Structures are given as C-alpha cells and as structure tokens.
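Q: Encoded as structure tokens, here's the structure I'll be asking about.
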Amino acid sequence: MEAEVGAMPLPTSTDHEKETPTRLEGRFTAMVVCWVLGIGCLFSWNSMLTIEDYYVNLFPKYHPSRILTLVYQPFSLATLAILAYHEATINTRKRNLFGYILFFFGTLAVLLLDLATSGKGGIGSFIGLCAISAAFGVADAYVQGGMIGDLSFMLPEFIQSFLAGLAASGAITSGLRLLTKGVFDNSQNGLRKGALLFFSLCTIFELLCVLLYAFVFPKLPIVKYYRSKAASEGSKTVSADLVAGGIYSRSGEDEANSTIHERLSNKELLRENIDYAMDMFLIYLLTLSIFPGFLSEDTGYALVLIAMYNVWDLVGRYIPLIKCVKLESRKGLMIAVLARYLLIPAFYFTAKYADQGWMIFLTSFLGLSNGYLTVCVLTSAPKGYKGPEQNALGNILVLFLMGGLFAGVTSDWLWLIGKGW
C-alpha cells in the first residue's frame, strides 16, 4: 500500500474539494513529532540560557546572560526578515534541515570549545561563545519561521504542539541542568562536569531532530495530505517535502496552480493582520525585557526562577486546547497583551521590597501568559486563508515575534540604570 501511495501524482485543487478524507492516519504521531521538533528549535538556545550559573562563574565581568542574548537576537531577526521576504520561493525542506543541522553543530561546538579551553574563561573563549550564539540565532530564524509557516496550513493542533515544544525545551533544559548539576555537586570541578554532561545530551537530542524531520515527518499520511493540498493551491515551498513523502507533481502542474490560485501579497497580509503582528511584538517585548537578564542578575536565585518561567510557559501553551477558555477575539487579545505591561512595575517593586515567594509567583504568571497568548494568536491568525497565504502569514508573525524579542533584549539593559555599570 505504501508503494502505491509513493507513486501517487499530486492531487489537484478539485480533487481536494471533492475528496476531503474523513480520517487521516498519523495525526497523533504528527503531533508528537511536532512537539519534539519544537523542543529542538529552542533546545540549543535554552541550553545556553539555563547554564548561566556556569557562564556567570566563568565570565563574571562580561554579563553573559545579557550579552549572549543581545548577540543572538540581531542575527535571528535579520536572517528571518530576509527569509520572510523570499518565503514564497524558498524550499521549506532545505530551510528547516539547514536550521536543525546548524543547531546540532552549534551545540557540538559549545561542547568542543569548553573541552579545548579546559573550562577556562577569558575574552577569547567568550568571543567564541558569542559566535556560536550568533549561529543559533541564524538557525532559529530558519527553523522557527519555516516550521510555523509550514504548519500554518495544517491542523491548528500541529502549531499548538510545536509551540508547546518550544516551551517544553525550556522546562526540559531546566530539569536536565538541575539533574546534571546535582550529579556532580560534591565532586571537584563539579559545575563544569555537569555543564559538559548537559551539552553532550543536548547535542544528541539535536541530531534526533534532524533525523525526525528528514525521514519521519514528511512520510506521515496526514502531513502528505496537507502539503499536497497547499501545492494544489499554488504553494511552491512544499515540493521537496512532497518528493520526500513519495508524492510527485504532474508536469507543468505547479505553474498552472500558481497561475490559477493568486495569493495576497505579504504587504496585503500584514495590513489585514497588523493587530496580530503587534500582539506578537508586544508579547515578546515585555517577556524578554524581564527574562532572562533581570531574573539572572537582579534576583540571586536565577535557576529556580528560570525553571518556574519555563514550566508555566509550557502549561500556558496547553490551556488553549480547552475551547471555552481560548481567547480568539482580536480586541480581547490586544487588551490582554497590553494588560501584561503592568508586570513591569510589579517586578520592580517586588525585587525591591517583597520576598522570594512573590517573585516566583510573578515569574510563573509571566510564563503562563506568554505561552497562552502566543498559541491564541498563532492559531487564530491563519484561519480563512489559502495554504500559501497561511505559510506567508506564519513567517510574518514570527518576524514580529523576533522583533519583539530583540526590542525586549535591548530594553532589558534599562534595569541596569543606576547600578554603576
């Protein structure tokens, strides 16, 4: 049966309109794979954030939690802007594979850099770490925009699973860091040994993501169906993925589909969805102005706070699965996003006057609201558009998300005003 599917030509748009299947195999498997791929998208970067206790000890004069993030973001934002502009003609399979492979080699490079320098600090090691951080930024732009764009024309549950994986990467890296740190807690040079074990596990996981995306995901029947449907609506980005899944387009069909199915331009899509785009920008502007820099350097118990943020961010991304509490009103989403900015004075006064319990509560709410609102926006925005438009809109929204991240990382330095740095 699989051989017959592999030989199938690409269905036309009319075929899909007449024969929308009632049951597609591989839905649950696809959700699990999306979740794992979401973890892999931010696993490398979250590893660098979670291991801040080691880097602060290794580079005490260089503010690693802030500098590494500040290096990461402009590379990510600039790369994603270029990719989003050309998304209609970019091979999605090559794009995502390049990103995951770069994550793998970047994580391996962090491990090798520490081994080569014998865990010694210094400006040379720190510059090398900054270069790897920049590579992670480029990889994130390739994968996050590519995957969300690709999943935007599939089931909303796939985007939700991928986004939950992004949050799970933070929770898992926090748990792994606490575990590896505890294993070597009483040994000589235990902090470094725990860090090396931690990055070894992360490198193996990134290799797993490369293999999953290359050989498992494109062959799932439900994924093949939605990609062939997008191709029949004029999408040029899914051809290599369809070939990997065993589906080949008829001669000249791609050109015919792209002529018949004209899509809205990126400018038109942005104009129609500017509120969603601003939601994404403002969500991450606030989050990154507090996390991780303020929590790492201005509290004294960063590991616990970062773990709490990651856990509740993950919880928040599952709440929209409950239909009655999912926020889909465009006006309601904007009000909720703006209301989060009350957290800025709340964090300021809590750090100055309150105890650790209140800081943990605020950090948990920051993560919960971040995850919840992200899923609500990214699953609501693509509804009503054709496959190529949903892909483009997904890339645009991720671009604004990255813009918010960069603005937030820059704003994070404002917490240092008056502290003599």
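Placed from the backbone N, Cα and C atoms, the Cβ positions cover glycine too.
Reproduced below are the annotations present in TrEMBL:
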type	residues	note
REGION	1-20	region 'Disordered'
TRANSMEM	28-47	transmembrane segment
TRANSMEM	67-85	transmembrane segment
TRANSMEM	97-117	transmembrane segment
TRANSMEM	123-143	transmembrane segment
TRANSMEM	155-176	transmembrane segment
TRANSMEM	196-217	transmembrane segment
TRANSMEM	276-295	transmembrane segment
TRANSMEM	301-320	transmembrane segment
TRANSMEM	332-351	transmembrane segment
TRANSMEM	357-381	transmembrane segment
TRANSMEM	393-416	transmembrane segment
Q: Are there at least 3 C-beta pairs under 8 angstroms linking the transmembrane segment (393-416) and the transmembrane segment (28-47), leaving out pairs fewer than 6 apart in sequence?
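A: The transmembrane segment (393-416) and the transmembrane segment (28-47): touching, no.
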Q: Return the stretch with the most CB pairs under 8 A relative to the transmembrane segment (155-176), choosing among 196-217, 276-295, 357-381, 393-416.
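A: Most contacts with the transmembrane segment (155-176): 357-381.
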Q: Would you kindly check 67-85, 123-143, 332-351, 357-381, 393-416 and say which stretch has the most C-beta pairs under 8 angstroms to the transmembrane segment (276-295)?
A: 393-416
Q: Count the CB pairs under 8 A between the transmembrane segment (67-85) and each of 196-217, 301-320, 332-351, 357-381, 393-416, then give me the winner.
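A: The listed stretch sharing the most Cβ pairs with the transmembrane segment (67-85) is 393-416.
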